[in-house]
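First the structure, in the form of structure tokens, and then the observations on it.
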Amino acid sequence: MAFLKLTEQNVRGKTVLIRADMNVPFKGGKISDDTRIRASLASVKYCLDNGASVIVMTHLGRPTEGEFHPEDDVAPVAAHLGGLLGKDVKVLNDWRENKPALNAGDVVMLQNVRINKGEKKNDLELGKAYAALCDVFVNDAFGTAHRAQASTEAVAQAAPVACAGVLMAGELDALGKALKQPARPMVAIVAGSKVSTKLTILESLADKVDQLIVGGGIANTFLLAEGKAIGKSLAEHDLVEESKKIMAKMAAKGGSVPLPTDVVVAKAFAADAEAVVKDIADVAEDEMILDIGPKSAAALADLLKAAGTVVWNGPVGVFEFDQFAGGTKALAEAIAQSKAFSIAGGGDTLAAIAKFGVTEQIGYISTGGGAFLEFLEGKELPAVAALEKTRRVNGLI
């Protein structure tokens, strides 16, 4: 991937427009988790430290275009950002009619981009209006990189200079390191409730990895493909043949899809359900598999400890219930102990990492969500493609 980076730009005396992802959750009218705001600070501070004025734009929630309601207002986000920066951050509601006059060190925020007509349809005129505000456009919203919208793609086409922010560049560099030029052996963990939601990821990674670990309901479908009885466990019978193809593809290249030989089962899916460890051959018709067993966890942990690269998306058991958390904990700790470069993404994965206290030991934790998954699928991310295109158009590569 060839794109300009903010940290390569001379921004002194310039106005920088940063598309951030500050779509934070609220509880009781207050921001309940400011992780996304803090993740964007590096780019804002870089600009301020280097003599620029900054305009931040972000989406918040899912407002209807052309309508504005109190819950759509980014004012609380601007106030929180201002608190972190130690300066006032004003919200601009009429920025199209009144272009702001800014001095070096100023920070302002545009009102919620998703109330603007044409935002979701990637309207070029709206993109030009955004671009007219700045000398340099910075996309630092990796979480929206898989969407072609006016504040992520059209603006990049129209801006004098378009580059990746600190967070965006970090995400892309880490993903590139993990998937484009991985240290071997490369091991991926893909887990979740359904094969159907991760089928393209499984197929894409099967072309790249040396070992493909599956977990959760996905593993149950693969167990069915191996002819194993899984009781009343969640599985997709219509995707057994697809699972067989993926296993055959891995075997043909000398790899494998290592499936559990022992599992943790219960009669019901509940926080107080009794957990029983069983050999996979002994799962009864009225039981459901809710985690991998200790023998399987130990074997998979050995694979991870010996890996050169690990890509992790999804817990291998119902880790929210402690009695079914052993498998995910064992794998998380193995990744933490491994010398491999590791990258992890997805909401449940990040929650598991936090629960088991291995955040500092993971090589890179992606904030991307849907963008992370689409990158794993091998899809082009529109916002990233726009940055690459503008670099080529400007004759910079």
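Placement of Cβ uses the backbone N, Cα and C atoms for every residue, glycine included.
Of all Cβ atoms in the protein chains displayed, 27 besides its own lie within 10 Å of the Cβ of His59 (substrate binding site). For Asp21, Met22, Asn23, Arg36, His59, Leu60, Gly61, Arg62, Arg114, Arg147, the entry in Swiss-Prot reads substrate binding site.
Taking all protein chains in view, 17 other C-beta atoms sit within 10 angstroms of the C-beta of Asp348 (ATP binding site). Annotation note: Asp348 (ATP binding site) sits in a helical segment as assigned by DSSP. The feature ATP binding site is assigned by Swiss-Prot to Lys198, Glu320, Gly346, Gly347, Asp348, Thr349, with sequence analysis given as support.
Put simply, Asp21 is the one of the binding-site residues Asp21, His59, Arg114 whose Cα lies nearest to the Cα of Glu320 (ATP binding site). A separation of roughly 17 Å, to the nearest angstrom, links the Cα atoms of Gly61 (substrate binding site) and Gly347 (ATP binding site).
In this structure, of the binding-site residues Asp21, Glu320, the smallest number of CB atoms within 10 A of the CB marks Glu320.
Apart from Asp21, Met22, Asn23, Arg36, His59, Leu60, Gly61, Arg62, Arg114, Arg147, the residues listed for substrate, the same chain places the Cβ atoms of Thr58, Asn112, Val113, Thr144 within 8 Å of the centroid of those Cβ atoms. Most Cβ neighbours within 10 Å among the binding-site residues Gly61, Gly346, Gly347: this distinction goes to Gly346.
Gly347 (ATP binding site) sits 23 Å from Arg114 (substrate binding site), taking the CA atoms of both as reference points.
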